[in-house]
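For 9-19, the entry in Swiss-Prot reads compositional bias 'Basic residues'. Feature annotation from Swiss-Prot assigns 3-methylthioaspartic acid to Asp102. The region 'Disordered' feature in Swiss-Prot is assigned to 1-22, 37-57.
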Amino acid sequence: MPTINQLVRKGRKSHKGKSKSPALGYVYNTFKKEEIKTPSPQKRGVATRVGTMTPKKPNSALRKYARVRLSNLIEVTAYIPGIGHNLQEHSVVLIRGGRVKDLPGVRYHIIRGTLDTAGVEGRMQSRSKYGAKKPKNKK
């Protein structure tokens, strides 16, 4: 514990918070070959690997994921939400931040219904989260 005199001389340092999705915080300048700190809400990337992984201890499933090389040359692991997907290697995807609690190392989600990613078929509720179109009304 510091003395009053030490606090008067130095004071307390405030800690800066750490980003939960650091890959979204950089833009790569190809001309200067340097990274610029510019946060963005989403990033485009190319899927380099698509597969399944098993979750942490109390849960059991085969969760779909994709390894994505982003436009800023950082490679991340992103979760593919929803039932069924059409992604394969070299698919162009859009990712957003947001971790998957039971998959270690997965800090990003792929946005369904944009670029090469199709929306979830037959989805009626929470359609906007899964890129599903509004169904046609039959009369």
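Cβ coordinates are placed from backbone N, Cα and C, and glycine is handled just like the others.
Summarised by DSSP class, the composition of the region 'Disordered' (1-22) is 8 helix, 0 strand, 14 coil. The secondary structure of the residue listed as '3-methylthioaspartic acid', as reduced to three states from DSSP, is coil rather than helix or strand. The list of residues near the compositional bias 'Basic residues' (9-19) in space but at least 6 beyond its ends in sequence, with Cβ under 8 angstroms from a Cβ of it, reads 2, 25.
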